[in-house]
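What follows is a single structure, and I will ask about it in a moment.
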């Protein structure tokens with residue numbers, strides 16, 4: 001049984017109690033077996049709604065990747081200003097998110113979106129561009145993006161709950177936690193006078209439109 | 001076309017009902033040694049009395065009231081699967097054609113009209129074969145992985161792993177190698193391209209998964225594209241290879257895999273050189289900014 005894989009196995013997040021036949025490797029209970037970290041163990045593919053889960057993980061991975069690049073862009077411009085530490089802290093959390101989704105992507109054998117190189121550049125440009133508008137501009141960008149992402153995560157949570165809250169318990173846990181952290185970033189942005197940016201509503205609408213397009217494309221391509 | 005089973009005559013039936021008829025026929029085949037009395041039952045009424053010819057007694061009933069299936073009811077898909085598997089034996093002789101399917105159906109005790117369930121160009125037979133080969137490969141790789149996990153086998157280096165996996169998969173073609181070029185051309189028909197592409201990509205993805213690929217960036221695509229290229233070219237070389245034991249093909253495969261490894265190491269060298277250059281330029285830019293006094297704290 002998967003749960004008996006030995007003391008070195010960490011994070012019960014990935015232990016599966018029932019062995020299923022599927023293309024993923026089965027965790028083998030064995031004293032002499034070289035233990036793999038459970039973060040890289042594959043999730044049995046049978047029984048999950050592959051198309052839905054694929055999309056969810058692909059778009060979330062793309063989103064966290066993009067968010068990383070946005071903060072990188074902002075740091076490049078505002079790194080040595082007074083909001084530098086704030087942005088750095090938010091960036092660190094996004095790095096953790098991305099790491100988690102990288103693990104999920106391998107575990108569920110999901111393909112990444114083809115547009116990753118594009119999001120790489122676009123994210124950095126958005127971050128740097130908004131930061132060039134000043135500290136408030138960067139915060140406004142943060143508010144806009146984090147609001148989009150929170151709404152998007154909420155939609156996914158709803159979808160997963162409709163599907164089967166028990167089967168996707170771990171995934172739901174992860175997404176809920178990330179949604180809460182993105183909401184925190186959103187609030188931090190507001191605290192730092194995001195709304196005082198000149199042309200705030202225009203900027204916010206434009207960025208959110210871009211986010212919606214990015215989400216739409218990353219789910220499919 | 002009339003389907004006749006022993007003494008019974010059935011009117012022409014459409015393909016959708018054909019499988020039902022064939023199942024009925026195969027069940028009756030099974031029942032014949034046991035129920036000769038019921039055989040008489042069907043003999044006496046003239047050909048016009050169709051309804052009375054319906055099997056009675058413990059036969060599975062599929063008279064249209066959906067959902068009334070007995071436990072040994074076989075789905076159409078399973079039946080097709082069985083027929084196609086049986087038909088593979090006749091491919092070296094008849095090619096990927098309806099004849100092979102008909103022969104296969106005969107060995108299962110079904111009528112040759114079973115071939116009418118499938119398209120006449122043999123596409124389903126070929127797709128079935130490819131899918132079976134992919135499943136076999138998957139099982140093989142899974143077994144190997146288990147051995148490595150148990151510590152009973154050494155983990156192979158990537159190039160050896162890829163070479164062995166592609167070789168194992170291509171060896172499954174050997175019994176059918178004469179007719180395989182025909183199969184390849186059929187798989188390239190526009191109608192079959194979505195399915196054949198799907199099968200190809202899932203096989204390549206499987207191989208990379210068991211090779212331990214954990215990339216989550218664009219590398220995911222480059223690796224699969226490269227392996228697909230290797231697989232396809234090696235397959236084509238194999239078609240024209242007449243060396244003993246296909247050793248030319250395996251040598252070709254080894255060279256292509258080595259090329260791919262060299263290419264990837266070159267790519268990473270280029271990347272690190274590029275990064276070093278960028279770092280150098282950034283350093284120069286910062287120095288100039290400092291000298292010009294532009295690097296003030298905001």
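Don't overthink the numbers, they just go from 1 along the chain as shown.
Glycine is no exception: its Cβ is also placed from the backbone N, Cα and C atoms.
From TrEMBL, for reference:
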BINDING   A:64, A:94, A:97, A:182  Fe cation 1 binding site
BINDING   A:94, A:146, A:182, A:185  Fe cation 2 binding site
Whose Cβ lies within 8 Å of the mean position of the Cβ atoms of A:94, A:146, A:182, A:185, the Fe cation 2 site, other than those residues?
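Here the nearby residues are A:67, A:90, A:93, A:142, A:145, A:149, A:150, A:181, A:183, A:184, A:186.
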Do me a favour and check the Cα-Cα span between residue A:97 (Fe cation 1 binding site) and residue A:185 (Fe cation 2 binding site); whole Å is fine.
13
Taking the Cβ of residue A:185 (Fe cation 2 binding site) as reference, which residues of that chain separated by at least 6 in sequence fall under 8 Å from it?
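When sequence neighbours closer than 6 are ignored, residue A:185 (Fe cation 2 binding site) has A:90, A:93, A:142, A:146 within Cβ distance under 8 Å.
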Between the binding-site residues A:94, A:182, where is the Cβ count within 10 Å the lowest?
A:94
By a simple count, how many Cβ atoms lie within 10 Å of the Cβ of residue A:97 (Fe cation 1 binding site), its own Cβ left out?
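Other Cβ atoms found within 10 Å: 23.
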Taking the Cβ of residue A:146 (Fe cation 2 binding site) as centre, how many other Cβ atoms lie within 10 Å?
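Cβ-Cβ neighbours of residue A:146 (Fe cation 2 binding site) within 10 Å number 24.
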If the Fe cation 1 site is taken as the center of the Cβ atoms of A:64, A:94, A:97, A:182, which further residues of that chain fall within 8 Å of it by their Cβ?
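Going along the sequence, the neighbours appear as A:63, A:67, A:68, A:93, A:96, A:98, A:149, A:178, A:181.
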Below 8 Å Cβ to Cβ and six or more residues apart, same chain only. Which residues does that give for residue A:64 (Fe cation 1 binding site)?
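In sequence order, the residues whose Cβ lies under 8 Å from that of residue A:64 (Fe cation 1 binding site) (at least 6 apart) are A:94, A:97, A:98, A:101.
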In three-state terms from DSSP, label residue A:185 (Fe cation 2 binding site) for me.
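Its secondary structure by DSSP: helix.
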